[in-house]
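Copied over from TrEMBL:
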type	residues	note
ACT_SITE	LYS78	active site
BINDING	GLY13, GLY14, THR15, ALA16, VAL183, LEU331, ILE344	FAD binding site
BINDING	LYS78	7-chloro-L-tryptophan binding site
BINDING	GLU340	L-tryptophan binding site
Amino acid sequence: MKNTVKDVVVLGGGTAGWISAALLKKVLGKAINLTLIESEDIGTVGVGEATIPPIQVMNNLLGFSEAEFLKKTKATIKLGINFENWYEEGHAYFHSFGIPGKDSLVCQFHHYLKKSRALGNDTNLSDYDLNYLCAMQGKFAKINSKDPLQTLPYAYHFDATLYAAFLRELCEQNGVTRIEGKVDNVVKGEEQNTVKSVQLANGKVISGDLFIDCTGFKGMLIEETLNTGYDDWSHYLPCDSAVAMPSARGETIPPYTRSIAHEAGWRWQIPLQHRNGNGVVYCSQFMDGQKAEDILQQAVGVNALAEPKHIKFTTGQRKRSWHGNVVAVGLSSGFLEPLESTSIHMIQSAILRLVQVFPHEGISDAAINEYNQKTRIEAEQIRDFLMLHYVVHSPNKQGEFWQAMREISLPERLAHKIEIFKAGGLVFKEQDDLFNQNSWIQVMLGQGIEPKDYHPVVNSIPDAQLLSMIQGIHTLKHQVLAQLPSHDKFISSVC
Ligand SMILES: Cc1cc2nc3c(=O)[nH]c(=O)nc-3n(C[C@H](O)[C@H](O)[C@H](O)COP(=O)(O)OP(=O)(O)OC[C@H]3O[C@@H](n4cnc5c(N)ncnc54)[C@H](O)[C@@H]3O)c2cc1C
C-alpha cells in the first residue's frame, strides 16, 4: 500500500482503544491525526482490573504521576497472585513479581534451597520472597534499593472504566478527536484487504489510512469486514465463560490478587480502593452458568454491589493481528483467560510493536509480517505459561474437569520446559518471553513439579556455609519486612 499513513482511526473506546490512542498520539505526536470512535450504547466488556509490572513503563511513557494515577483509577498495589486450591484443596502458592532468595550467576536460588531442605531446613521458596511476605502481612512501601535482596517489584489493580476515562482526558488534551456514535457500515478500499472508511448510524463518514480495530471480541474490521480468521486454542485452554460481579471491600486492602480454583475453573478476587472485583472463570462443558453464578454469589455473599454479568469467550488468536490496513488490538486480536492478568499488557506491547514498525510512506508486507510474527510468539508464550497452571497438579485433585486437564496434550515447547525442570530444576528464558525464570519456577513448584536434582554447583559450598547463607537471606528479608508500613497506610498517604 503506497499511501502515506497520516490519518489513523481507532475504532472502539474500551481499555484497548484508549491505550492505543494515548500511546500512538504520545509517541507519534503531530506525525499523525488520530480519531477515536466509540459507542456508549454498545459499551465495553467492563472487566480487566489486574495488571503486571510493565504497566509502569507505559504510565511513565504517558507522562502522568503515580499518585495521580492511583487517585483517579482507585488503584491498589499488586505484589503477585495467590493461587489457592490449584495443586490440591487447602494448598496455596504465590506467584510473585519479586525474586525469592538470591540467584547466583550459575543457577537460581531454589537449587540451594533444595539441598538445604535435605539438610533439615523446612522452609519454602516463598519464605525468602519479600513480595510474598509483604502480601501476606498487608504491607507495602516503595523501596529504592539496588540490592536485589531488598526490592519489591509491583503492579496495580485498578478500575478499568476509570482508567479508560483517565486516558481519554489525556488523549483529548493531546489532540485526539473523539467521536461518539455507532459504526454501522464499513466501506472497503479498492486495494485488497483494506478499509477505506467507516460510517456512523447518523451518516457521518470517517476515512483513514490505518485503522486500529478495538471493537472487542467481534473484531468489526479485522473479522467481520476482512474475514481474517481465528486460531481457536480451546483444546489447550478450554475455559470459555466467565461471570463477574463487584462487591464491597473488606476492612483492609490486601496487596495481591487471589485466584481460587473450583471444580471447573477458578475464581478471582481483586481488591480496589472502593470495592472488590470478583469473577468466576469456568469451562461450560463441565459447568453451567447458574452453577458458576452460585459459586460467585456464595463467595461474595451480602456484599454484592451489582447484578452478575456473564461473558462468553473463545481462547485463541487472530490468524493475523495486522491485516491490510487494519491492526487488531485488545480483545479483537485474541483472548487468553485472565489467569495471569496479561491482556492489558498485550495491548500495550502491541502498540509499542506497531510504533516500532510504524508505516510512513506506505504499509509494507515486511512490516506486517514482522509485527504478526512477534505478536504470535508473545501470545503462544503466554498461552504456554497459563497452561502450566492447569496441566500438573496433585492426583488428589478430583473432578471431570481436572481429569480432562490432566489429559491435554501439551505444546512441544511447554512439554520440554516441564521435562527439563523435572530432571534438574532448570529453566531457561526464551527470547521475548514475558515471564522470567522466577515466574516459571514458582508456578512449576507450586503446581507440584519437584525437580529430581539440584545443580552441582551447590555442592561446592560446605553444608554449614550453605545453611548459614540461606539463613542470612531469610533474616535479611524479614528485617526489611519488619520496617515496612501497611499497604492501607501507603494508599491513604498517596490518595
Ligand atoms: C472475564 C475477563 C476478565 C479479565 N480480566 C483481566 C485482568 O484482570 N487483567 C487484564 O489485563 N485483562 C483482563 N481482561 C481483558 C480485558 O478486559 C480486555 O483486554 C480489555 O478490557 C480490552 O477490551 P477491549 O477494549 O479490547 O474491548 P471492549 O471493552 O469490548 O471495548 C470495545 C469498544 O468498541 C466499541 N465498539 C464496538 N462496536 C462498535 C461500533 N459498531 N461502533 C462504535 N464503537 C463500537 C465499544 O463501544 C467499546 O468502546 C479480562 C477479560 C475478561 C473477559
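Any Cβ shown, glycine's included, is placed from N, Cα and C.
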What is the separation, in Å, between the Cα atoms of ALA16 (FAD binding site) and the residue listed as 'L-tryptophan binding site'?
18
Quiz question: given the binding-site residues ALA16, VAL183, LEU331, ILE344, which has the greatest number of C-beta atoms lying within 10 angstroms of its own C-beta?
ALA16
Calculate the distance in Å between the alpha carbons (Cα) of GLY14 (FAD binding site) and GLU340 (L-tryptophan binding site), and round it to a whole number.
20
Sequence-distant neighbours of the residue listed as 'L-tryptophan binding site' in its chain (C-beta under 8 A, six or more apart):
ILE52, ILE81, HIS95, ILE382, PHE385, LEU386, PHE435
Select the most exposed residue of GLY13, GLY14, where exposure means the fewest other Cβ atoms within 10 Å, treating these as the binding-site residues.
GLY14
Same chain only, sequence gap of 6 or more: which residues have a CB within under 8 Å of the CB of LYS78 (active site)?
ALA50, THR51, PHE97, TYR154, ALA155, TYR156, HIS157, PRO255, TYR256, THR257, SER341
Please report the three-state DSSP label of VAL183 (FAD binding site).
strand
Is THR15 (FAD binding site) helix, strand or coil when read with DSSP?
helix
Going by DSSP, is ILE344 (FAD binding site) part of a helix, a strand, or coil?
helix
Sorted by position, what residues of the same chain at least six away from THR15 (FAD binding site) have a C-beta under 8 A from it?
THR44, GLY48, ALA160, TYR163, ALA164, GLY330, ILE344, ILE347
